[in-house]
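Quick notes on the structure that follows.
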Amino acid sequence: MQQKRELPAPTAVFCDKKAGILRQLALPEAEYSDASPKGSVDAGIRHLIDEVNRAEGFVTTSSCAGRVSVFLEGRRGKTAAALDKGGERQRGQRAGVGGKGAGGTWLFVSHEPVPRDPQHGCVGWLDALGFSESAVGQGSSHVGEEPRLIHFKFEPMILHVLTASTAHAQALLRAGLQAGFRESGAVSLTPPNDAQPATPMVAIRSLGLGFESLVGYETPDGQRRWLVSADLLETLRAVADERFAENARRIERFRAAFLDAVRAPQTTAGREWEDAEARRERKRAEGLTRQAALAADKTDERAADDAPDVESAAESD
């Protein structure tokens, strides 16, 4: 098993950055905002955020506990061109791949499992999204030339953490990978200049746990229509609930692994903690000492066996 090494002390520059970020996090929820649709730290991982930020050399910069959402793509193609004739500005307002930008918006977001409506199943909570009718069974031509597609998504936790050194980043990455966040990674691993150390930004994430499905579209005149049946919508909701449960288990594993990684090395039997190399050298020295002691004992025994028996010699005289 790999031995833990003590992490280096953060620099004053990092500590100043961390203090500024923590001041922002300490604001009341009504005053704090970030780039997420919710606009604040999710309650489901607030305890994890607090524990990461209490550790020396780490500070969270953005997070999402995991969410299920229904997303309406932005305008693109002729629809976007008809809304803006401004040349360069026109191209900038067209939605990119995946529908982001140009009016793309969340129709529904929840950071907790969506309860099933006993009477209407999944359709109960989706009624509020303003779908006018279903296009199921009407053929693909009914979709039209330039629909704004509507996606059902589940996205697991993602956590961005600024770290004080590459050693801190490695410890955080190990915790994430061990917990099942296999697509975790880091950037800014090289120092910006000779005078400042690297302060890597680490992303803890698991793309494999997420999933996405097309469920509907919006016509140019604003009518929203389903492309899937109510049974499939209920299946998607149930799968999202299962993913929420697995996401929660991975978050807890990550929390335990992180706390273990930043815990001070333990002393054993009154000795100072030692790394793997020091332990090997100590064990080798102890082994050599035992071998020397055994060799000395054997030498003493042979000397005793070879010594003349004085009493027997006296009796024979």
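Using the three backbone atoms N, Cα and C, a Cβ is placed for every residue, glycine included.
Check TrEMBL against the ranges 63-113, 267-317 and you find region 'Disordered' recorded for 267-317. Confidence in the domain 'tRNA wybutosine-synthesizing protein' (17-258), given as mean pLDDT, stands at 82.
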